[in-house]
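**Q** The following feature annotations were taken from TrEMBL:
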BINDING   B:ARG69, B:THR70, B:ARG119, B:HIS149, B:GLN152, B:GLY278, B:PRO279  carbamoyl phosphate binding site
BINDING   B:LYS97, B:ARG182, B:ARG237  L-aspartate binding site
DOMAIN    B:17-161  domain 'Aspartate/ornithine carbamoyltransferase carbamoyl-P binding'
DOMAIN    B:169-315  domain 'Aspartate/ornithine carbamoyltransferase Asp/Orn-binding'
Amino acid sequence: MSDTPDVEVLIERMGQELAAWLDRTTRPDPAIVGIHTGGAWIAERLRDRFLPDAPLGTLDITFYRDDFEQIGLQPGVRPSELPFSVDGRHLVLVDDVLMTGRTIRAALNELFDYGRPASVTLVTLVDIESRELPIRADILGTSMKLATGQRIKLTGPEPLRLTLTHTAES
Amino acid sequence: MSLKSSKLQLNDQGQLRHFLGIDGLSRELLTEILDTADSFLEVGERAIKKVPLLRGKTVCNVFFENSTRTRSTFELAAKRLSADVLNLDVQTSSTSKGETLYDTLRNLEAMAADMFIVRHGDSGAAHFIAGNVCPDVAIINAGDGNHAHPTQAMLDMLTIRRHQAPFEQLSVAIVGDILHSRVARSNMEALRILGCPDIRVIAPRTLLPEGIEQYGVRVFNDLRVGLRDVDVVIMLRLQKERMQSGLLPSEGEFYRQYGLTSDSLALARPDALVMHPGPINRGVEIESAVADGAQSVILNQVTYGIAVRMAVMSMAMAGQTTQRQSRQGAV
């Protein structure tokens with residue numbers, strides 16, 4: 001089993017880049033939205049350390065997934081919570097692992113059902129380079145190429161750790 | 001007639017594919033319905049109260065018995081899931097031309113309907129359809145005879161869960177015409193499965209079914225004894241037609257003995273919830289001041305009803321989908 005990067009180190013660097021990015025692109029007064037579950041953990045840390053005034057929300061994209069016809073409804077859905085108005089707001093959308101891009105597609109659709117944000121900045125911890133949609137992160141922790149049958153998962157919330165596993169199938 | 005729902009309404013993986021009744025379902029499944037409904041409740045508070053889950057699916061409201069409210073909450077629930085909705089008032093259409101239930105439904109199935117919401121005056125109608133007519137269409141029981149009204153029961157459970165302590169700590173009283181009430185039956189079953197230790201039914205002897213004890217409930221004929229220290233009071237609607245049948249002396253007499261008034265409610269716990277499936281008869285089974293009072297959650301029930309129906313509809317559609325997938329995989 002190979003080593004995985006230290007998540008806290010990645011978050012520290014992402015936070016600095018994010019603050020600089022928001023400044024450079026003139027996106028004041030942002031709100032942070034973490035995708036349930038891993039993204040929400042990272043979002044909370046980014047808020048606490050780098051954007052203490054930003055309101056924090058969580059998104060559960062279960063109702064927006066594109067694979068209902070294949071796998072049905074995933075159990076364990078939780079209510080999305082966006083305790084602020086999305087209209088005209090600069091949003092920072094946070095996810096743990098960027099894989100196909102389908103989760104982000106679903107998250108964007110869901111966000112737009114809350115209103116019309118001024119912008120959306122995408123922050124992801126890991127990109128495993130298997131995108132199926134034209135979606136890439138604005139702020140990225142790290143890229144990793146996984147071997148066949150390998151999967152990566154963020155466990156947490158304390159401590160946050162990236163874990164590589166091998167699945168028998170595929 | 002024994003109507004065992006358990007086998008029929010689950011797919012091979014134990015997921016819901018029809019929703020016909022509460023009996024035989026596990027506490028885990030009922031809890032999953034409530035959890036999913038909680039998430040849909042949040043959708044109802046958004047600017048755009050719609051999710052794309054059932055986009056491209058066709059949901060048919062097939063009501064053999066009138067019910068404007070139940071039908072409209074099902075319709076709203078389906079629309080919030082992005083399904084297309086067809087409302088069929090079967091009373092006034094084909095059945096009057098002599099078409100049988102079987103033919104009506106097979107025709108709808110041929111129009112590629114994915115789900116039927118069925119309300120019928122006969123107990124077991126939804127079971128019959130799910131078992132014998134259209135097993136591959138998700139069937140949701142919206143009330144059948146005196147038998148079951150499972151979505152009403154689940155919205156009542158959601159109301160209790162959101163406004164009271166855990167089920168394991170509650171005393172719940174169901175008051176009124178238990179005999180003719182499918183709501184009462186489904187509620188007794190749901191409360192038992194969810195672990196409620198003290199379920200009481202309060203009614204005159206003439207409005208209690210035989211063998212009520214099988215539901216694991218305590219029976220009271222005196223409202224003032226039965227309401228003592230309960231956490232939840234579920235009032236049932238007194239249907240006027242029962243008056244004529246000789247089961248009750250008079251409306252006034254019923255109200256005096258079984259009507260929920262500020263006085264009788266004072267016997268329950270101070271934070272007891274007042275619930276009613278609606279439509280309420282003010283001054284017949286419930287005092288106006290109680291129906292509109294601080295302890296009343298009657299209008300919350302309506303809101304929760306939409307979320308519960310969204311949950312059940314999406315879960316049943318998902319169960320049909322995975323069933324189809326696994327069957328295709330097996331071929």
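Cβ coordinates come from backbone N, Cα and C, glycine included.
Remember, TrEMBL labels are computer predictions, not curated facts.
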**Q** Of these binding-site residues, B:ARG69, B:ARG119, B:HIS149, which scores lowest on Cβ atoms within 10 Å?
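**A** B:ARG69, out of the binding-site residues B:ARG69, B:ARG119, B:HIS149, has the fewest neighbouring Cβ atoms within 10 Å.
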**Q** Using an 8 Å cut-off from the Cβ centroid of B:ARG69, B:THR70, B:ARG119, B:HIS149, B:GLN152, B:GLY278, B:PRO279, can you name the remaining same-chain residues around the carbamoyl phosphate site, in sequence order?
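**A** Leaving out the recorded residues gives B:SER67, B:THR73, B:ALA142, B:GLY143, B:PRO277.
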**Q** Can you work out the mean pLDDT of the predicted model over the domain 'Aspartate/ornithine carbamoyltransferase Asp/Orn-binding' (B:169-315)?
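**A** Overall, the domain 'Aspartate/ornithine carbamoyltransferase Asp/Orn-binding' (B:169-315) comes to a mean pLDDT of 94.
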**Q** So, three-state DSSP: helix, strand or coil for B:ARG119 (carbamoyl phosphate binding site)?
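**A** The residue in question, B:ARG119 (carbamoyl phosphate binding site), is strand (DSSP, three-state).
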**Q** Do you know offhand how many angstrom separate B:GLN152 (carbamoyl phosphate binding site) and B:ARG182 (L-aspartate binding site) by C-alpha?
**A** 9
**Q** Does B:THR70 (carbamoyl phosphate binding site) have same-chain partners at least 6 apart in sequence with Cβ under 8 Å from its own Cβ, and which are they?
**A** B:ARG119, B:ALA142, B:GLY143, B:GLN152
**Q** Which ones in the same chain are close to B:ARG182 (L-aspartate binding site), with CB under 8 Å and 6+ residues apart in sequence?
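**A** Sequence-distant Cβ neighbours: B:GLY143, B:ASP144, B:GLY145, B:ASN146, B:HIS147, B:ALA148, B:HIS149, B:GLN152.
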**Q** Which whole number of Å gives the largest C-alpha distance between any two of B:ARG69, B:THR70, B:ARG119, B:HIS149, B:GLN152, B:GLY278, B:PRO279, the residues noted as binding carbamoyl phosphate?
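**A** Among the residues the record ties to carbamoyl phosphate, max Cα distance equals 17 Å.
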**Q** Three-state secondary structure of B:ARG69 (carbamoyl phosphate binding site) from DSSP?
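**A** DSSP assigns B:ARG69 (carbamoyl phosphate binding site) to helix.
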**Q** For B:PRO279 (carbamoyl phosphate binding site), what is the tally of other C-beta atoms lying within 10 angstroms of its C-beta?
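**A** Taking all protein chains shown, B:PRO279 (carbamoyl phosphate binding site) has 11 Cβ neighbours within 10 Å.
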**Q** Can you check which residues sit near B:GLY278 (carbamoyl phosphate binding site), meaning Cβ under 8 Å from its Cβ, same chain, 6 or more apart in sequence, and list them in order?
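**A** Listed in sequence order: B:ARG69, B:ARG237, B:ILE298, B:GLN301, B:VAL302.
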**Q** Would you list the DSSP helix, strand and coil counts for the residues of the domain 'Aspartate/ornithine carbamoyltransferase carbamoyl-P binding' (B:17-161)?
**A** 68 helix, 27 strand, 50 coil
**Q** Run through the Cβ atoms and count how many others sit within 10 Å of the one on B:ARG237 (L-aspartate binding site).
**A** 19
**Q** State the count of C-beta atoms found within 10 angstroms of the C-beta of B:GLN152 (carbamoyl phosphate binding site), not counting that atom itself.
**A** 24
